[in-house]
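Below is one structure; the comments refer to it alone.
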Amino acid sequence: MSAHPVRPPRGSTALELDPLGAISARGFLMVVAVASLLSAVGLTITTVDQISSWPLAVAALVFLAAGYAWFVRSAFRFDHGVTSDRYSIAFALVAVATVLNSLSCLGSNIVVRDDWGLVTIGLVLMAAAPFRTYNELGTYTAVASGIAVLLAVLHGFASPGDGIPLPVTVLVAVAPALAMGLASVAYARRLLHGIYAERLQQADDRDAQIDELRRQFVDDDVVGEIGALRSDVVPFLARVRSAGRLTPEDSARAAELAQTLSAAISASRMLDSLGDHVDLLVDESGLSLRMHEDDRATLRTLLVALQDSPHTRPGSVILELLEGESDRFGSVRCASDDVRALRADITPFLRMTRLMFRSASDQVAGEELLVQFDIDRLA
């Protein structure tokens, strides 16, 4: 598990962290848009006897369609998508449709729950969960709930004598917008935190993979038998410790491992000098002796690969190490009649150099291959 706190950047949306999620978010939006329009048309048809103003009823359907059309159009744009301004326009159009739908039944509305506007304004909040922040959706939920309360109170005074207490009417009216609005806030928050946690976990996995590659590189490709011996020495010592006694076979094995380790260390020391692998070493500050062992081993391996390449021009491998007041860096130059072929020969070693050094790059300049790197660690 990641050790990082799951705290996404402030003001981030789920789609900003996971742009590929826009595909499913658009599909969800289309489903919500179709469901809202079908519900509006269906409830308008089934509650014909409650409509007191057909112009307002038709205008409500037009505003609802316009709101969702703007929403869908914004979601399928590939510049900035559903920005805060674009969503505010879509929400405003749906809110106007909600008000017009309610006013079209003013004075003749028998049951407030038949108003489709109270449902669609909640659905437009649900559809926005992947596109906007949960803080924004909380604000829009409060606005939608306020509209529902005002419309319910208005109908309560415009339709006296229906026998339904006003608090009950308000509760029925505000329930869809409030419930779906709070659900959209929770969904947006969980979606954002889930994506961010997954990103952190992926970053930790990449770091662990890079560390493992570095360890394998140092053990197997750089230090040689010294690193390879770790897989023999560590299990041997663990087994002896668990057994609590040393058998004659263990003594013979220990002597064999000690001899092999001594030989590997001696061979490593014989190859330790970077100057033995170049034709010219420029190191006025003595950095080659003060570099971290891993960095020195990486650099030594690169130099050996250059010397072994048939495309290297004899006597052209130059290593330059410089130390300033606050930084240390170096470069390797090598001439060749076919620089690109030389670069292809040592490509694995260039990749390992970029892996081991915090900042490393290579480039072809005329008939020379230039490798530059920063030295951050010292022994």
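Here the Cβ of each residue, glycine as well, is placed from N, Cα and C on the backbone.
According to TrEMBL, the protein has these features:
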{"type": "TRANSMEM", "residues": "27-48", "note": "transmembrane segment"}
{"type": "TRANSMEM", "residues": "54-76", "note": "transmembrane segment"}
{"type": "TRANSMEM", "residues": "88-110", "note": "transmembrane segment"}
{"type": "TRANSMEM", "residues": "116-133", "note": "transmembrane segment"}
{"type": "TRANSMEM", "residues": "140-158", "note": "transmembrane segment"}
{"type": "TRANSMEM", "residues": "164-188", "note": "transmembrane segment"}
Interface-richest range of 27-48, 54-76, 88-110, 116-133, 140-158 toward the transmembrane segment (164-188), CB pairs under 8 Å: 140-158
Same-chain residues at least 6 beyond the ends of the transmembrane segment (116-133) whose Cβ lies under 8 Å from its Cβ atoms: 11-15, 21-22, 24-25, 28-29, 32-33, 35-36, 39-40, 42-44, 60, 64, 67-68, 71, 75, 81-82, 84, 87, 90-91, 94-95, 97-102, 140-141, 144, 147-148, 151, 173, 176-181, 183-185, 187-188, 191-192
Beyond the flanks of the transmembrane segment (27-48) by at least 6 residues, Cβ under 8 Å: 57, 60-61, 64-65, 68, 71-72, 75, 97, 101, 105, 114-117, 119-120, 123-124, 126-127, 130
Long-range Cβ neighbours of the transmembrane segment (88-110) (under 8 Å; 6 or more residues past either end): 40, 47, 49-54, 56-57, 59-64, 66-68, 70-71, 74, 82, 116-118, 120-121, 124-125, 128, 140, 143-144, 147-148, 151, 154-155, 158-159, 162
